[in-house]
Amino acid sequence: MGVVKGSPKACLFIGFLFILNLGFCVFAQETSNEERKIYVVHLGVRQHDDSELVSESHQRMLESVFESEEAARDSIVYNYHHGFSGFAARLTDSQAKQLSDRPDVFSVTPNRKVQLQSTRVYDYLGLPPSFPSGILHESNMGSDLVIGFLDSGVWPESPAFNDEGLGPIPKHWKGKCVAGEGFDPAKHCNKKLVGAKYFTDDWDEKNPGNPITEDEFMSPRGLIGHGTMVSSIAASSFVPNASYGGLAPGLMRGGAPKARIAMYKVAWDSVTMGSTTANMVKAFDEAINDGVDVLSISLASVAPFRPIDAITEDLELGSFHAVTKGIPVIAGGSNTGPDAYTVANVAPWLLTVAATNVDRTFYADMTFGNNITIMGQAQHTGKEVSAGLVYIEDYKNDISSVPGKVVLTFVKEDWEMTSALAATTTNNAAGLIVARSGDHQSDIVYSQPFIYVDYEVGAKILRYIRSSSSPTVKISTGKTLVGRPIATQVCGFSSRGPNPISPAILKPDIAAPGVTILGATAEDSPGSFGGYFLGTGTSYATPVVAGLVVLLKALHPDWSPAALKSAIMTTAWKTDPSGEPIFAEGEPRKLADPFDYGAGLVNVERAKDPGLVYDMNLDDYIHYFCVTGYNDTAITLITGKPTKCSSPLPSILDLNYPAITIPDLEEEVTVTRTVTNVGPVDSVYRAVVEPPRGVTIVVEPETLVFCSNTKKLGFKVRVLSSHKSNTGFIFGSFTWTDGTRNVTIPLSVRTRVLNP
């Protein structure tokens with residue numbers, strides 16, 4: 001049994017999402033009555049290799065706004081001195097303003113709240129462990145790499161973290177496990193769980209109305225199961241006979257089952273659950289210094305519409321420094337779909353993930369009194385139920401006939417499904433059948449029958465109820481259906497593009513399964529069945545991709561994060577693995593496009609040999625900073641490279657991104673890209689274009705010839721519109737092919753004949 005502390009507490013894991021709400025609040029000289037709050041001060045690249053000297057420079061800077069050396073020292077919450085330079089300190093608004101006005105300060109942001117977002121997967125993606133060859137075995141399952149998670153902690157007793165068969169801890173690893181409440185490094189860490197740290201940021205002092213719950217552990221141990229879930233999805237060891245109450249039974253493993261895990265606990269169980277940006281920035285700094293190889297971040301902004309200088313957000317700054325140190329950062333695109341412009345984590349150095357389902361569904365058979373059997377979606381973990389059947393039009397008020405019966409009701413919105421469940425459960429209903437328009441994934445796990453059907457099926461059931469004087473239904477125990485006819489679709493909750501900050505940068509980048517994903521949690525955790533849970537959200541699609549990036553990096557340790565990202569994007573499936581089209585949930589359902597799933601569904605077997613990559617380095621990111629409005633001083637601070645932006649500024653369309661997105665095409669524009677050959681030395685590629693409707697694409701040159709002396713080649717893409725009026729985005733694709741390898745990027749073009 002695991003550690004048990006305090007009274008049991010219900011934790012809802014469905015669709016968890018870390019939500020980051022950031023802003024800018026800086027004013028200007030301290031008065032004795034001003035309240036002190038925690039601010040995160042970012043200074044850019046370290047000026048010293050000695051971390052003590054970096055910390056001393058922070059102290060001197062704070063002394064300039066405090067009345068004494070001691071007061072300055074007492075104000076410090078965290079020093080960031082490994083991957084970059086900065087600190088978190090308790091400051092008044094006026095002190096924050098004084099610091100923000102200094103030319104050697106890149107940004108000053110108030111510490112803000114972070115809230116929770118939220119194993120058929122790898123077989124579905126073409127990575128069964130039984131295959132004798134393939135990237136899983138060629139990479140030794142990621143054994144020499146460490147994947148880090150900024151999340152809610154870990155439950156170390158889970159069999160997902162067993163280290164059976166693992167070799168020594170990688171020599172480059174410098175991290176450690178930190179002792180704390182209910183967490184003993186000597187007992188709970190091993191050759192699998194190689195790092196575990198926690199960051200509290202004086203939570204209770206800063207959040208007097210939202211204290212950490214008594215049940216939470218002041219240690220890397222996580223009361224919230226989210227961190228255990230995501231780390232197990234990415235890198236669980238092999239666990240036989242894993243299931244959630246009999247659903248999804250089989251061998252559980254992560255995408256990189258031999259990779260080592262490092263947990264950085266930044267999220268805490270409180271009234272509203274969450275973390276702060278100061279915690280996250282410190283965790284980034286520690287992870288860089290510890291030697292993580294890949295970072296998986298299930299964090300996202302609460303509101304996508306942020307100002308143009310949103311790059312000063314601490315998650316994006318921390319991830320930028322990680323990427324420039326060679327660490328890929330994979331982040332969820334958020335759970336606020338299906339509306340347009342809702343995608344989060346849109347910085348070009350992040351690999352941003354959308355969520356799809358898999359070719360598996362959970363269902364129950366409903367046999368009615370007229371001997372007709374209908375299948376409905378259900379994650380029903382309880383016993384077979386036989387009961388009377390009643391239709392309730394107003395589940396909020398008309399509930400007198402509910403006790404002991406199965407209820408049918410119709411709803412329009414997602415929230416109504418859980419509201420109806422709560423109302424019927426409170427009134428002792430035997431079960432609930434919810435009919436809703438559209439094609440949606442039900443992700444509610446419940447011991448009593450909770451069944452989802454569409455309106456058409458709901459209408460059939462209603463006709464039966466009205467035709468019978470005593471309607472009844474028998475509901476089977478939950479069952480699992482794998483393979484066809486389950487269609488792959490981008491989930492309705494998965495946030496959509498276009499990119500709300502930089503529309504010329506495609507987001508999301510890639511899609512991966514994120515619905516009812518089996519993962520580990522605490523055995524004694526409410527909602528857990530034997531230490532397992534079924535999670536839904538981009539939070540769970542993110543570690544799927546992170547685990548696959550570990551495999552890819554193990555094969556290609558010299559590739560940059562941008563090269564790894566390019567390989568993932570240019571080789572993605574545009575259909576599901578069986579060749580069927582990918583749809584996008586919404587009203588109405590439609591074929592998925594790049595704003596739904598980015599470049600497509602991740603296909604890591606093809607990504608290991610992409611042929612060409614669209615690589616990016618520090619100069620490319622400086623290009624991005626320049627075109628998004630940063631001045632030379634700020635860019636020099638954040639990058640550590642003396643910078644003078646050109647005049648006129650370069651075009652953001654020329655950023656060497658593995659997608660071409662043109663949000664405002666008036667007549668024609670020419671876009672440039674560069675590709676690097678990572679395949680056979682002597683290779684010849686020719687251009688193949690599927691242009692957006694009404695758009696002409698001209699590629700110059702049409703053929704690329706590589707040899708031992710030519711590994712990089714540039715090309716131009718001329719884009720011309722024949723549309724005579726404004727259009728929405730129209731989609732196509734552009735491919736370089738050598739006859740074996742197809743290097744494909746999405747084309748997204750919107751014509752603007754007249755700007756309103």
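Cβ coordinates come from backbone N, Cα and C, glycine included.
As annotated by TrEMBL, domain 'Inhibitor I9' applies to 39-117. According to TrEMBL, the domain 'Peptidase S8/S53' annotation covers 142-578. TrEMBL lists Asp151, His226, Ser539 with the feature active site, charge relay system. Residues or ranges marked as domain 'Subtilisin-like protease fibronectin type-III' by TrEMBL: 654-749.
When pLDDT values are averaged over the domain 'Inhibitor I9' (39-117), the model yields 81. Cβ crowding, taken as the number of other Cβ atoms within 10 Å, peaks at Ser539 among the active-site residues Asp151, His226, Ser539. Rounded to a whole number, the distance between the Cα atoms of His226 (active site, charge relay system) and Ser539 (active site, charge relay system) is 9 Å. Look at the domain 'Subtilisin-like protease fibronectin type-III' (654-749): DSSP puts its residues at 1 helix, 63 strand, 32 coil. DSSP states for the domain 'Inhibitor I9' (39-117), grouped as helix (H, G, I), strand (E, B) and coil, give 28 helix, 27 strand, 24 coil.
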